Structure formats: C-alpha cells, structure tokens
C-alpha cells in the first residue's frame, strides 16, 4: 500500500509540472499548447549539455529552465500570437506542427539513444517498507518548490493578480490598464520554466530520449483536462488521479477476476488507462473536475 | 511509367480519399478530428481479420465498413458535448488506445508483429499490369469519392454543414439537428477512410499497429491544410503533392550522403513545416475555399 502511494506520487511528479504549465497557459490564451511537452524535452537536453560543459547541477537546472522560458516566449510571439487570430483550433494544429519540427531537430541532434544526467548512483532506501531513491526525493523537493513558487506568484504578487484578471476577462483587464500582452508573455515564460523543470526532473529520475515528448503528451493532457483546463492548480490533482489509475492498472494482480494465480497487464497499458479515463471524463464531465469557467453551449 | 511512379501515384490516390474524408469533417463541418487514422485502421484491420479467419477479402471490406461506421458514430457522439479542441484531444486519445491495444494483444491480429501475407490485389497480372490495374482502381475510387464529396458539399446539406462550422448556435436556432448532422458526416467520412484502409492493406499485404501512429493523421492534416481547407480539388492536390514530396526524400538523402535519421527528420520537417508555413502565410491553402455554395 505504501509502495502504491509512493509509485503514484513519483508518477504524478512526471506529469504535474508540465500539466500545470499547460493549464496555466490555457487559462490565458485558450488553446492547449501541445508543444509544451516538447519544451520539457528541450529543457532536459539543454540541462544535460550544460552539465557536460562543466556547470554544476544546481546551476544547470535554473539556467536551462530560464532558457526554455525564453524559447517559449519567442515561439509565442513569432507563431502563436499570429495563429490565434485564426482561432484556437488553428493554434492547436500549429502547436502540433511545431512539436513535429522539434522532434525532427531532436532526432538529428541526439539520435534515438536515451540520455541521462551525470548523477551519482545511490541504492534505493527503504522508507516504511517502500523502495525510494535519493533522486526521487530530490526531484520531489524541486517539484514541490517549483509548484509552490508558481502558486505564490499566482496568488500573492501583482503579476499574479494581473494573470488572474486577464484569465477571467481579458477585455475588462485590458480596459482597466493591464498590459495583457505582457501578462500573457510572462505566463508563457513561467510555463516554459515549469515544463523545462518537469523534463529535467524526469531525466534525473531516469533517462530522456527524444520521443519522451510524444509519450508524455496524452497523460499530461489527461491530467490537465481532468483538473479542468485553465485551472492551474487543479492540474496537480489531475496528475495524482491519472498516476493512481496508471499505477493501479500495472501493479494490481487481476488474477482473481479470471480465476488464475497471476494476471498482470503489460506496462504499456498504463497509458491506455489514462487515455480511457480521459475519454470517459470528456464524455461525462467535459469541463473537468474543478472548473473555473462558465460552461458554454 | 516506372514502377516507382506507379507506386507513389497509387498511394497518393488512397491518401487523396483520406484527405477528402478529413476535409468533409474538418473543412466543411469544423470537426477537428485528430484520430482519423483510427477510422483508416478499421479498414486495414477488417481486411486483416478476414484474412486470419479465412474469409474472402470482400467480407473483410464489409467488416471494416461496419467497424468504421460504429467508430464514426462513437466519435460523433463524443463530439456532442465538447468544444472543438477538447474533441481533438479525445479523438487523438481514442486512436492511441486502439493502437496500444493492437500492439499489446498478441491474440488479436498478431499484436505488434501484425498480420502479413494478405493477398495483393491483381497479383495475377503480368509485368506492370498489376500495378497499373491497382492504380486504375484506386484512381476510379478517388474519383468516385471526389464526386460524392462535391455532391454533398454543394447540396443543401453541405450548406447546413458550413453553417454548423461558422455559426453553430444560429444553425441550432434555425432548427438544424447538429448531433444528427455530425453523425451523418462522421459515418460517411469513416466509410471512405475504411475503404482506403482496406485497399491499403491489400496493397502492402501487411497490417500492423505501427500504421496507426498519430503522425499519419497529421500527414493527412498537412494535405488538407496545404491543399486548401474546404476545397475538394485542393485537398486531392495536397495529397499528391505531399506523397510525392515525401517519396523523394530518400533520394535526396542518398544524393547528399546523409545519415539514415535524415529521412525521418526531413519527413517530420516537411509535414510540420508545411502545416506551419501555410497556416502563417497562406492559411487558406493553395486552392482557397470558394464562397458562394451551390455554384462554387
């Protein structure tokens, strides 16, 4: 049971940062930016390159996160601002296309091999009978700190108040003197930072290969939609639900149901569980668990 | 005509049918379907099951059409309560679920290895006869699909679809049953996609889950966007353009003496870059939609 909880939390760590980034940006510009999962991969690769170049890890992480934040702003200004004038579906397709181009860049630059950070290998510790590694704990700390920082910005700063105002009513916010374009780009920057940290913490727990982004896409979306797209902190709850479902599907012995001793589903069904949960949710409660928007016709 | 040109032209015809199907959904009705490849997969796996169970190939076609119609109805049902971007994610998820199930269930059509040895259509003909007969068949079906799409989009029903795309609330206020219209469009286009899938299975003589990767859907999207959203001529032209562009990438690789990853990367750049470039600089595509309905 403890192991189940730990596995769920670790998996939720994979999803939470990117899902929060996705949801946070959606609340302002009303389209789900698929390329965010690729920004996470960019973050992981840049962090590894910086570390190889001799930067200590404590510096490589923030430098890479800020770099990816800037990249996100550049893409937003050059690309998505223009596409959004055509509608959110067009912007969504554009972000898919951008993801494909980034995949091509990764493929040419890094090839299909898996990469890892240069970290000391520590044996798994036993906490209350559950296995847990030192890197899992340190990435847990980074994730909690990043999410806490984001929540603090959102709720206790002037920028955060402007972000919430813009998300609720962009026209009114603009009329009351808020520079909405600046607020949106600040949010896009923060989303890039969160996504990059998500990618790097994933890489610290295991390895990163170029198809990480495509693998993460639907679980991250499932978490963000479950939490109510546009509700940044709801995405954390969504990530926990999705990871619990995935862990349950892969770690439970279904032998009882079929009358055999052991029946474990293959690990790749973990993804199927999250997609099925997503589709079921969209059918029954299309706006997610916690909604911050009034539903449309 | 060389063997290679016949091959590319034949595949282009099948993708032309798929592009017409997506255009009917996305171009005319505003249904953002990111799971089109699943409907195509209904056709390929219909053929695969018929082959495994020893049925005649045409029974496989019927099976594929039934699968596709049911899945199309389910997609349409799912779309009843969602805004377009949510529906896009939901359809993408359904297509991925289908691919993962076929990859993991060994008992179901061979799992990841897929099913091979399907009879190739017109295999008995000598020389280039087989290839040319296939090309003729596919071209005839593409023409039939084209005529069907033109008739639908120029009819009163087609006008209603455009109104659903532009002003769904107005269409509903005027008494159109949007759910029924969605269902009709999804079933017609799913059947078209399944026919293309069935022919593709009997062309490659192999059916496997890696044919259902989501980037195949985005390839069809690029054909529609580059050719011209909501223009039936345009999307067929887009299908031929993209297929020929992708087919020549390996030659460029040999010519430039590039590593083998170059082919995959270049294809991604052609599809993704094509979509982006057209969305930014020419969002209506090569052949823009003709406004004005039945005389257009």
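Glycine is treated like the rest: Cβ placed from N, Cα and C.
TrEMBL labels come from automatic prediction, so no person has curated them.
Annotation source TrEMBL lists transmembrane segment at B:6-24, B:31-52, B:58-76, B:135-153, B:183-206, B:218-242, B:262-281.
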Closest-packing stretch to the transmembrane segment (B:135-153), where packing means Cβ pairs under 8 Å, from B:6-24, B:31-52, B:183-206, B:262-281: B:6-24
Proximity verdict for the transmembrane segment (B:218-242) and the transmembrane segment (B:183-206), three or more C-beta pairs under 8 Å: no
Distant-in-sequence neighbours of the transmembrane segment (B:183-206), which means Cβ under 8 A and at least six residues beyond its ends: 10-11, 14-15, 17-18, 20-22, 24-25, 28-29, 31, 36, 39-48, 57, 60-61, 64-65, 67-69, 71-73, 75-77, 79, 114-121, 134, 137-138, 141, 145, 148, 152, 157, 161
Highest-contact recorded stretch vs the transmembrane segment (B:58-76), from B:6-24, B:31-52, B:262-281, CB pairs under 8 Å: B:31-52
Tertiary contacts of the transmembrane segment (B:262-281) (same chain, 6+ residues out, Cβ under 8 Å): 215, 218-219, 221-222, 225-226, 242, 245-246, 249-250, 252-253, 256
